[in-house]
Amino acid sequence: MRRRRTTFLLLLGIVALVAIALVLGRGADTDEKAFVGTDSRATSLVEQNHPHYVAWFQPLFRPQSPEVESGLFALQAALGGATVGYAVAALRARRRLEAALAAAREEAR
Amino acid sequence: MHIAEGFLPPLHAAAWTVAAAPFVVHGARAVVRERRERPETTLLLAAAGAFTFVLSAIKLPSVTGSSSHPTGTGLGATLFRPPVMAFLSTVVLLFQALLLAHGGLTTLGANVFSMGVVGPWAGYAAWRLLCGRHRGLAIFTAFALADLATYCTTSVQLGLAFPDPVSGIAGGVVKFLGVFALTQVPLAVVEGLLGVLVLRLLADVAGPELARLGIVPTTPPSEAVTR
């Protein structure tokens, strides 16, 4: 019971932190676009302070639209998520096999 | 923490690449050695790499009104020691540089150095310092610090390359810290909490493997199989 409660509280903490950020962050931004990525903010800061700097190399491939980009990000997350899921399931199966093997040995004795 | 393609002067880009390269080679060898010496932990190694893959794809909003992504390097760093993460982070960063125009090939060295070297070592140091006292707190701090240290490193890298016109390098670093570090604090806390959750899950399904890695105390086999 106590274990479940801890798990629940941890999940609640994560969700609450993100939710609070969504609410508080909305007012903090003066730009018209809220929740811009920090990576692009850093790039803007460079361009602002060093207007003469020109990026000397361009990405070999750039997703043509935000839709294509978000799709590729989703693919990245899906590949990772599937692998984590597979690993956890395989480990669980390993535990079951070990238990079954131990039980069979016990019986044979 | 992805410095955009071409956004480090050639000299800086080359220097960070040279600095990161030995860590990546050492990390790749560490992965090979791990698989040979402890093949039963390969599933956990895959999970650690995949965890970074997932987390670095997810951008979360922060209280500052910016959004940013966690790094997820704390898991591999605590389970397998930091070198493996230098290699696994390079794989993740290469994927993003080539397919997503996120980060870049010229800035790969700098990005690997922050995410794959400094972050994991900072997290691992926190884990080693605290694991004797409180396991949960140690995991939380390791995950959060691996995340935060990465972004602080990026700020230093950018500050060195682009000093503030008025206040110089120190001023530049502070300005980039203003972009990255503050935004990252709540995200680092989220990542720390997530780390505790993940380790609890893994302790359920991978007790013996975690014991072999020295993460949880060794349990007698009879107890491990009755679960």
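A Cβ is built for glycine as well, from the same backbone N, Cα and C atoms used for every other residue.
Per TrEMBL, the features are as follows:
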- B:13-32: transmembrane segment (TRANSMEM)
- B:44-64: transmembrane segment (TRANSMEM)
- B:84-105: transmembrane segment (TRANSMEM)
- B:137-156: transmembrane segment (TRANSMEM)
- B:176-203: transmembrane segment (TRANSMEM)
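Comparing B:13-32, B:44-64, B:137-156, B:176-203 for CB pairs under 8 angstroms to the transmembrane segment (B:84-105), the maximum falls on B:13-32. Long-range contacts of the transmembrane segment (B:176-203) within the same chain, counting only residues at least 6 positions beyond its ends with a Cβ under 8 Å from a Cβ of the stretch, are 1, 44, 47, 51, 55, 60, 62-64, 66-72, 74-75, 136, 139-148, 151-152, 154-156, 158-159, 210, 215-216.
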